[in-house]
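Q: Questions regarding the structure given below will be posed in turn.
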Amino acid sequence: MDLDIAHPGPMSCWFLLSHGLYWQYLPTPFPPLPMTVPLPSRISLEQDVSEAKDSDIDVKAHLDASQLKAGAIPEDAVVDESAVDGGAYELPSFLSAPSTRVRRRSELAFARPSKFVEDRADKGAFELPMLVAGQAGSSSVAPYVTSEEPIVMKIDVETPAVSSGTTPVPSLHYSEDAALNQPSAAQRAKYRRFGRIHFFACCWCFFLEGWNDGTTGPLLPVIQRHYNVGHAVSVGFAVVSLIFVLNCIGFVIGAFLNVHLNDKFGFGKVMVLGSVCQLATYAILAPAGPFPLMIIAYGLAGFGMALQNACANGFVGSLDKGTATKLGFLHGSYGLGAFVAPLAATHFAQMRHWSYHFLISLGLAVSNTVVLSAVFKFRTQDEIMAEAGHAPGELSKVSESKYRQIMGIKVVHYLALFALIYIGVEVTLGGWIVTFIIQERQGGANAGYISSGFFGGITVGRIGLIWLNRWIGERTALFLYALIAIGLEVTVWVVPSLIENAVAVSVIGVLMGPMYPILVNHTKSILPGWLLTGSVGWITGIGQAGSAVLPFVAGVLASKFGISSMQPLVVSMMGAMTVVWILVSRVQRRID
């Protein structure tokens, strides 16, 4: 049987299939690939191979990768110039042989070194390996290999370390304090919690300070009787006024040493030191010892309150948000303590053991010491503020001492003078109004509650008038409050009515309440941060001198002209305070 193997017919196919010879005699469906590839004639050997582009060689049209076997292109293949005949030539060496020249990306697209090609001729799929960011363009490795499994290649390439807070894209730059430094919701809640605790501790020490000042007025008449200094009226008022004098001296010393103590020991330790001084004061006053010991105790109380007052004002004034509102609540706490204290002091003034009132003060002082120790933990102000998420305080930009810097700022002395008159008027009204009502308006034993109404008005004004201060401006608001307060004080002077005087004194307290927080907030807005605590300490220290000077002057005038002379003194001091505020409010910009 003749078989046409080249062109098998039906019988030939049947014969070959039956004998298992069909696949041996069929021609190969894929002819072998020639070693020469026709290329466009516009490429010549003289043309630099680095100028070759993807469009110059159509590999897809002339080269079927499924037929390419490993080793088909030897590594030492070179261009045979004799075989070039215008339209075709052998593959150039840059397509197969390794080269020491740095290759371009277009060249790497065609380079396929044999060491990266697996010996598989029956696989036509190309797998692209994943390129690591920062290594692209740094290696001469082919971007793809003919392999199903990824080939791990160790490439010794040094890449610069990316620091935290920078972007992996070099052309994009982000601020270090942007997204990476934003606190999470849990951190913000933690910051708010610590901020409230710190603020409460400051308010509590201010409450105790107000309690101390509110106690004095209702107890003055009983102190005169107990120490037998009221029998001779010409001497009695002046002698009992030494309580205010020693309290003032202690306050001024504390305000002056506050800067040095804060720099040496830190905020937390100074606050606790001030509270311990107050605690010792009430321990001395409770047994009702000799009168000289009593006035010394008041001096110790003034020293302790000066330290706490300056530190708390400086701390709250350094906060970056809601400063005016927080100062209002801080000083409102003082007014609240001064409002509650006369209620208790008036009750004890009618008892035999009147000095037991200071046992309540002692208990409050103990709680104040415990709170300040537990909350601030004897740390510096920057450490405490960082715990609540606040930025650290400003650092001094000059090498001068803080004392020299503070004394060299003129407006600080204007502020101190305003504080001196303001605090003097406040303490004079709160301290002597009870005696005035008893002697001039025939008030009874319950006249001490009028002092409570005055300090209660201060509390209401410092908290309730915050919205009005913002609406009309703090500078204008203080002028308005001062003018109305002067008018009401004139009515207390000339109108012989117990009820009218009591109501007028309470309203005067409402109007005078916002003045001190406005003063501290204005100080914060014009002074640099590193001088704020020291400046506030100096201003309040000098201001506290008014709590001794004006009440003492009122006592001396009362000894000579009677207690009715207090009212013209208070009216004139209110007018002087308004004039000083004109000088203070002229400075509106920050002093550096």
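Cβ coordinates come from backbone N, Cα and C, glycine included.
Just so you know, TrEMBL annotations are computer predictions that nobody has curated.
TrEMBL lists these features:
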TRANSMEM  194-212  transmembrane segment
DOMAIN    198-590  domain 'Major facilitator superfamily (MFS) profile'
TRANSMEM  232-258  transmembrane segment
TRANSMEM  270-289  transmembrane segment
TRANSMEM  295-316  transmembrane segment
TRANSMEM  328-348  transmembrane segment
TRANSMEM  354-376  transmembrane segment
TRANSMEM  411-437  transmembrane segment
TRANSMEM  449-468  transmembrane segment
TRANSMEM  477-495  transmembrane segment
TRANSMEM  501-519  transmembrane segment
TRANSMEM  531-554  transmembrane segment
TRANSMEM  566-584  transmembrane segment
Q: Can the transmembrane segment (354-376) be said to touch the transmembrane segment (449-468) if we require at least 3 CB pairs below 8 Å and skip pairs under 6 apart in sequence?
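A: Judged by the Cβ rule, the two regions do not touch, with the required three close pairs absent.
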Q: Return yes if the transmembrane segment (449-468) and the transmembrane segment (531-554) have at least 3 CB pairs under 8 Å (sequence gap of 6 or more), otherwise no.
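A: Between the transmembrane segment (531-554) and the transmembrane segment (449-468), which are separate recorded stretches, there is no contact, as judged by 3 or more close Cβ pairs.
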Q: With the transmembrane segment (194-212) as the reference, which stretch in 270-289, 295-316, 411-437, 566-584 has the largest tally of C-beta pairs below 8 Å?
A: 295-316
Q: Please figure out which one of 328-348, 477-495, 531-554 racks up the most CB pairs under 8 Å against the transmembrane segment (566-584).
A: 477-495
Q: So which of 270-289, 295-316, 531-554 is most in touch with the transmembrane segment (411-437), counting Cβ pairs under 8 Å?
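A: Comparing 270-289, 295-316, 531-554 against the transmembrane segment (411-437), the winner is 531-554.
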Q: Below 8 Å between Cβ atoms, which of the listed ranges 295-316, 477-495, 531-554 makes the most pairs with the transmembrane segment (270-289)?
A: 295-316
Q: Restricting attention to the domain 'Major facilitator superfamily (MFS) profile' (198-590), give the mean pLDDT.
A: 85
Q: For the transmembrane segment (295-316), give me same-chain residues lying six or more residues beyond its boundaries with a C-beta closer than 8 angstroms to one of its C-beta atoms, as numbers and ranges.
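A: Same-chain contacts beyond the ends: 198-199, 202, 205-206, 209, 212, 242-243, 245-255, 258, 261-262, 267, 270-271, 273-278, 280-282, 284-285, 323, 326-327, 330, 381, 384-385, 520, 532-534, 536-537, 540-541, 544.
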Q: How about long-range neighbours of the transmembrane segment (531-554): same chain, 6 or more residues beyond its ends, C-beta under 8 Å?
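A: Counting only partners 6 or more residues beyond its ends, the transmembrane segment (531-554) has Cβ contacts under 8 Å with 213, 238, 241-242, 244-249, 251-252, 254-256, 258-259, 262, 302, 306, 309-311, 313-315, 317-318, 381, 396, 402-403, 405-406, 409, 412, 415-428, 431-432, 519-520, 523-524, 565-566, 569, 573.
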